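Copied over from Swiss-Prot, here are the features:
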ACT_SITE  S60  active site, acyl-ester intermediate
ACT_SITE  Y146  active site, proton acceptor
BINDING   K311, T312, G313  substrate binding site
Amino acid sequence: ATDIRQVVDSTVEPLMQQQDIAGLSVAVIQNGKAQYFNYGVANKDSKQPITENTLFEIGSVSKTFTATLAGYALANGKLKLSDPASQYLPALRGDKFDHISLLNLGTYTAGGLPLQFPEESDNTGKMISYYQHWKPAFAPGTQRLYSNPSIGLFGHLAAQSLGQPFEKLMEQTVLPKLGLKHTFISVPETQMSLYAQGYDKAGKPVRVSPGALDAEAYGIKTSTSDLIHYVEVNMHPAKLEKPLQQAIAATHTGYYTVDGMTQGLGWEMYPYPIKVDALVEGNSTQMAMEPHKVNWLTPPQAAPLDTLVNKTGSTGGFGAYVAYVPSKGLGVVILANKNYPNAERVKAAHAILSAMDQ
């Protein structure tokens, strides 16, 4: 067997130097067995070393948790993906959201909701008014434009359908049912000593700042040990209770394709094996920033056996990447306290997965 430590070391050490990353943690899983590789520090001042229990902001990887919560509502018969968005929020009734489905919101196809809320609307008080005044650029279901306000609203409405606030449902129901004990939206006082300091492009300390639907779109903080457990239950959900098995199946369903990528709920999927360039391309800035015509899969299709499932996530001071291949039982998680380019995360993960799949 390949010496995984050697592969991870030789991949991560030059990467951290080139990208000036203070701290980074890698978790891999193979045949149900997790291994951890930790590098550098969680905080440049205190020099606290990174461990597999260090908490990182995972940015948009949070979208996969939001999708799982929505899948849980779906499994419990509280919503249908075909329902109009306005059904769950009276303030949006009688207008465009009567013609935009929950699935459109969950897959970034509502009609051009932007990547971020505009600054003046980026708070809970202004949020509803933002959606009421938003003018679609495209017909619903025609174009994919990756968007926090889109999947954020999806999560918010899913929580409405379950009759509880999103944060409460996530922290008290969904995360415990997934077996995640060190995954938080709000990091409790008792865990703050584990919360890494993030560093921006200039190396200045930074933490995620509050915004509209932040919990739903980019609010999770977790460790590589919890995240690799999450990967394992995504690959082998049979140990979970039935509604969560169904929830995970919904997130791994392909709803449409854009070029080589199949869009799930939260997760993005590719045929495996995949060349590194194709995976880099699917996680490119262009893919995140520009609209792309979608080809709907009717009916939606369960992921084929050999599929790589992945998601990137970033905040001002953190960079995350998760990738796994359920048919092989292989997964990798890479968390860092710096927002460095997605291409570098993907290349590192691809090298590690390829070495494990020898």
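From the backbone N, Cα and C atoms, a Cβ is placed for every residue, glycine too.
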Which of S60, T312, all recorded positions, has a Cβ with the fewest other Cβ atoms inside 10 Å: S60
Surrounding CB atoms that lie within 10 Å of the CB of Y146 (active site, proton acceptor), all protein chains: 21
Candidate with sparsest Cβ neighbourhood (10 Å radius) among K311, G313, the listed binding-site residues: K311
Other residues, Cβ within 8 Å of K311, T312, G313 Cβ centroid (substrate site): I58, G59, S60, V61, K63, T64, N283, N310, S314, A320, Y321, V322, N342
Cα-to-Cα gap, K311 (substrate binding site) vs S60 (active site, acyl-ester intermediate), nearest whole Å: 8
